[in-house]
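Novice: Shown below is the structure under consideration.
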């Protein structure tokens with residue numbers, strides 16, 4: 001992505017239940033979170049039940065920074081949940097890290113959440129009027145308080161989850177820890193991914209299947225939209241929560257967010273991205289000498305474009321993975337410097353050549369010109385930019401912090417205007433129809449709200465107020 005900081009995903013979640021009470025699950029959760037680190041790098045946390053109480057450790061930074069062997073040893077228990085976070089609502093501070101926990105008359109619950117609750121402000125105000133106290137500014141803590149409130153009234157967690165689901169508008173994949181019981185929830189249209197696996201007597205859920213691979217578990221199935229899974233004493237109970245004929249799987253998981261070695265709702269992400277590259281060539285061929293990806297997420301699409309076109313594939317840009325995110329840079333000049341630090345050209349692959357540059361998406365476009373300048377300074381004769389995601393014209397309200405509508409470069413500009421701003425010789429976006437075909441899930445089962453404004457849930461009554469809140473909390 002040209003300026004990866006332009007888009008941030010909400011989170012990654014993990015839940016593990018071992019039938020063997022002598023088996024500690026904290027280390028397995030740690031490794032699973034490591035595999036999901038790409039979904040969030042601001043904070044990480046793990047909660048386990050040790051037979052008497054829910055233990056939690058959270059911290060700011062990467063998984064490897066937050067946990068060490070001593071901390072993992074303290075988190076005893078055969079059942080637990082984990083979380084990695086990027087902020088889409090709520091500031092980046094320790095109070096907003098997850099898992100969250102809440103106490104009720106019978107004990108304590110802990111939750112980890114991936115998604116975004118559109119009506120969280122209204123729900124929070126309602127809870128505060130009832131006397132609930134909040135320690136964070138996130139929508140995820142609202143869910144935690146709602147569950148504890150419902151459980152106080154009727155101590156049945158399946159019932160409580162169903163009641164809370166009726167109140168939530170937005171996206172949510174949840175893992176809920178209640179003593180030795182683990183509950184797993186996916187929203188009625190399945191916006192965020194969630195999968196289920198087994199390893200012997202251990203059962204695992206996670207945002208992506210790569211979390212299963214690292215701990216040697218076998219992917220069994222996806223948690224279906226509207227399903228509740230209850231894990232207890234080695235058994236799994238699947239409950240239909242909110243049946244819905246519509247599905248709305250996030251298309252951006254396939255385009256950018258998910259790791260290419262994941263399988264999301266039955267679709268191999270790497271294969272989808274290869275398809276995108278092949279389709280880009282069919283829709284937007286170019287006379288060129290080399291196909292170059294913007295690393296890393298665009299590599300499969302570039303390979304696909306190269307195969308379809310017969311134009312050689314080349315690694316023309318090298319990514320420095322130790323540079324901080326460019327969105328923290330206050331001025332455009334500093335952001336452009338950060339791009340130069342993050343992406344360095346291989347002059348021998350670019351000089352005097354006509355380049356097909358493959359990227360997954362353009363959101364604001366604020367750092368795109370800087371990267372194009374880098375490639376031109378390396379001696380590229382022509383640059384033909386091909387984008388695997390159709391123009392992003394509307395914001396995401398479901399857990400991807402990309403931009404407000406006025407910040408989106410494609411919201412008020414056509415392709416030719418964007419081409420001139422970015423400074424490339426030609427620009428081609430994949431069409432929505434081809435993207436749907438590449439993913440292999442029919443359009444009515446994908447969320448394409450950011451592309452065409454067709455959102456799967458009601459939107460906030462005051463969009464401007466909601467977007468202002470989101471902007472201030474990033």
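Even glycines carry a Cβ here, placed using N, Cα and C.
Pasting the relevant annotations from Swiss-Prot:
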type     : residues           : note
ACT_SITE : 11                 : active site, nucleophile
BINDING  : 250, 396, 447, 450 : [4Fe-4S] cluster binding site
BINDING  : 297, 359, 360      : Mg(2+) binding site
DOMAIN   : 11-234             : domain 'Glutamine amidotransferase type-2'
Novice: Three-state secondary structure of residue 250 ([4Fe-4S] cluster binding site) from DSSP?
Specialist: strand
Novice: Just checking, which of 359, 360 (binding-site residues) has the fewest C-beta atoms within 10 Å of its C-beta?
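Specialist: 359, out of the binding-site residues 359, 360, has the fewest neighbouring Cβ atoms within 10 Å.
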Novice: What's the CA to CA span in angstrom from residue 250 ([4Fe-4S] cluster binding site) over to residue 360 (Mg(2+) binding site)?
Specialist: 15
Novice: By CA-CA distance, flag whichever of 297, 360, 396, 447 among the binding-site residues is nearest to residue 11 (active site, nucleophile).
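Specialist: Considering only the listed binding-site residues, the nearest one is 396.
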Novice: Report the residues of the chain - excluding 250, 396, 447, 450 - with C-beta within 8 Å of the mean position of the site's C-beta atoms, for the recorded [4Fe-4S] cluster site, in sequence order.
Specialist: 191, 251, 252, 398, 400, 448, 449
Novice: Specify the secondary structure state of residue 450 ([4Fe-4S] cluster binding site) as given by DSSP, simplified to three classes.
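Specialist: The three-state answer is helix.
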Novice: Return the member of 396, 447, 450 nearest to residue 360 (Mg(2+) binding site) in space, with distance defined Cα to Cα and candidates limited to these binding-site residues.
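Specialist: The smallest Cα gap between residue 360 (Mg(2+) binding site) and any of the binding-site residues is with 450.
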Novice: Under 8 Å between C-beta atoms and at least six apart in sequence, can you list the same-chain neighbours of residue 450 ([4Fe-4S] cluster binding site), or say none if there are none?
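Specialist: Correct list: 252, 392, 393, 394, 395, 396, 400, 402.
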Novice: Rounded to the nearest angstrom, how far is the Cα of residue 447 ([4Fe-4S] cluster binding site) from the Cα of residue 359 (Mg(2+) binding site)?
Specialist: 21
Novice: Average the pLDDT scores across the domain 'Glutamine amidotransferase type-2' (11-234) and report the rounded value.
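Specialist: The predicted confidence over the domain 'Glutamine amidotransferase type-2' (11-234), as a mean pLDDT, is 94.
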Novice: If one measures from the C-alpha of residue 447 ([4Fe-4S] cluster binding site) to the C-alpha of residue 297 (Mg(2+) binding site), what distance in angstrom results, rounded to a whole number?
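Specialist: Checking the Cα atoms of residue 447 ([4Fe-4S] cluster binding site) and residue 297 (Mg(2+) binding site) gives a distance of 20 Å.
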Novice: Quick one: give me the count of other CB atoms within 10 A of the CB of residue 396 ([4Fe-4S] cluster binding site).
Specialist: 25
